[in-house]
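According to TrEMBL, the compositional bias 'Polar residues' annotation covers 526-537. Among the features that TrEMBL reports, domain 'Major facilitator superfamily (MFS) profile' is placed at 75-502. Under the heading region 'Disordered', TrEMBL lists 508-537. Under the heading transmembrane segment, TrEMBL lists 74-97, 109-132, 144-165, 199-220, 226-247, 301-321, 391-408, 414-436, 448-468, 474-497.
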Amino acid sequence: VVKFRRTGESSRSDEDVISGEHEIQIEGVRTELEPVELEDGAAVPKEFANPTDDTFMVEDAVEAIGFGKFQWKLSVVTGLAWASNYAMEMMILSILAPQLHCEWRLPSWQVALLTSVVFVGMMSSSTLWGNISDQYGRKTGLKISVLWTLYYGILSGFAPVYSWILVLRGLVGFGIGGVPQSVTLYAEFLPMKARAKCILLIEVFWAIGTVFEVLLAVLVMPTLGWRWLLILSALPLLLFAVLCFWLPESARYDVLSGNQEKALATLKRIATENGAPMPLGKLVISRQEDRGKMRDLFTPHFRWTTLLLWFIWFSNAFSYYGLVLLTTEFFQAGDVCSLSSRRKEVKAKCSLTCEYLTEEDYTDLLWTTLSEFPGVLVTLWIIDRIGRKKTMALSFFVFSFCSLLLFLCVGRNVLTALLFIARAFISGGFQAAYVYTPEVYPTATRALGLGTCSGMARVGALITPFIAQVMLESSVYLTLVVYSGCCLLAALASFFLPIETKGRGLQESSHREWGQEMVGRGSRSPEVTRSNSGSQE
């Protein structure tokens, strides 16, 4: 195959060129010649001297460079943010509430408010952090949210009265709302084949963070108290803040914001660390000034995806945190039938009655956390086999089925097995949603899409205590029907999602502009268009 570029100035006629014995492949049009001097003084077009004049996009570079040393480092840094800023701060809620309940003699509604205010902060800030990450960069949004959480997390340890700690924990929740953006940044550096597995394995860092928090509480609470626990729990965030200097900005974001040189430097840095070659040619820019706008989530192409994902995320958090609250109630009663009869016979306890957490309570917290590992392993095994949509639907269906089986008066062992299976699958479904959401939205709205979905999840987390605790007082069976029905609807919503992202690269811009990005990449296509006039493919 003889490759050449039609210039319109060739001294040879079209008939002379095409009549040869060689197959001709026309790659494009060039009207201006830049001669290159040979040793004998003859001049030839520059295209003959540099036949690799091609273009590539960030997606091509990420796929060509592959998974290597850089991605391993990024996995650790992202996992540290997930463990310290998310898992540890959330785990504190189950440790701090009973301690303040006893120490400050708080009524039950004030204890519950300590947990709710964190979710209110997360719900109110998730969309804002997504907008900041789309407008000013993923790294910028993540750094600000981490430093925010670090500052107010430490201040929480010095709260003198209940009102102060309520406000400060709400501000901590406001900062935690930006943590999901670490998944956005992480996903944009991962090649397609490794993306689902790597995002799912972030759940390992969640477990590490919660286990570390429980162990820290065992050591600190008996001697130094809850104030030091809050301060020491915030310190790992300082380590992540330091590592942020190593963390690069997303090359996809840089391309979209028109910063081609910075994006290219980031890709070259990754290629060097991984020991892989960069694609030859020029990086394509797809500048888009109007980024991170809510209306982009409701274009005809994404409208149904956004609405269905909001309900899926709501159902995930609603069911996950509801099951956590129900587990304690079921274990204390022995089974559902005993719990139902006990509610009818036993009078309500005084709201000021309190019990400090014991070593056995901390052990139960550890076991509850470890029960999520099977769910991650199952999800890891099926997500690239049956796809993201079917994985989420299966997780919701199994949770719903286990909830219905709780209607039976089963023994303690069967009850434990059903609760653990339900917990495993709903946590795996949650992680599948974290894989699907960054994949389905383009770079221009990816952070905002994930942020709004995370905000809807916090709405579910806010509502679920009223079902798992308040409604449980009147009817155990009605409570189970609510959770089971919600997950059945979420399973249907997963099936009806219009886009399956399995095996699909991350989009750089909106669907409307996607075709325009492909212009100029025809020379990479296996199909060849021939034209005597030298038209571009």
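Cβ atoms here come from the backbone N, Cα and C positions, even for glycine.
Contacts between the transmembrane segment (474-497) and the transmembrane segment (391-408): present, as 3 or more C-beta pairs lie under 8 angstroms, all at sequence separation of six or more. Using the rule of three or more Cβ pairs under 8 Å, pairs at least 6 apart in sequence, the transmembrane segment (301-321) is in contact with the transmembrane segment (448-468). Proximity of distant same-chain residues to the transmembrane segment (74-97), defined by a Cβ-Cβ separation under 8 Å and at least 6 residues beyond the stretch ends, is recorded for 111-112, 114-115, 118, 142, 145-146, 149, 153, 172, 175-176, 179, 182-183, 185-186, 189, 198, 201-202, 204-210, 212-214, 217, 221, 226, 229-230, 233, 236-237, 239-240, 243, 246-247, 357, 365. Between the transmembrane segment (391-408) and the transmembrane segment (226-247), fewer than three CB pairs separated by 6 or more residues in sequence fall under 8 Å, so the two stretches do not touch. Between the transmembrane segment (226-247) and the stretches 144-165, 414-436, 448-468, the greatest number of Cβ pairs separated by less than 8 Å involves 144-165.
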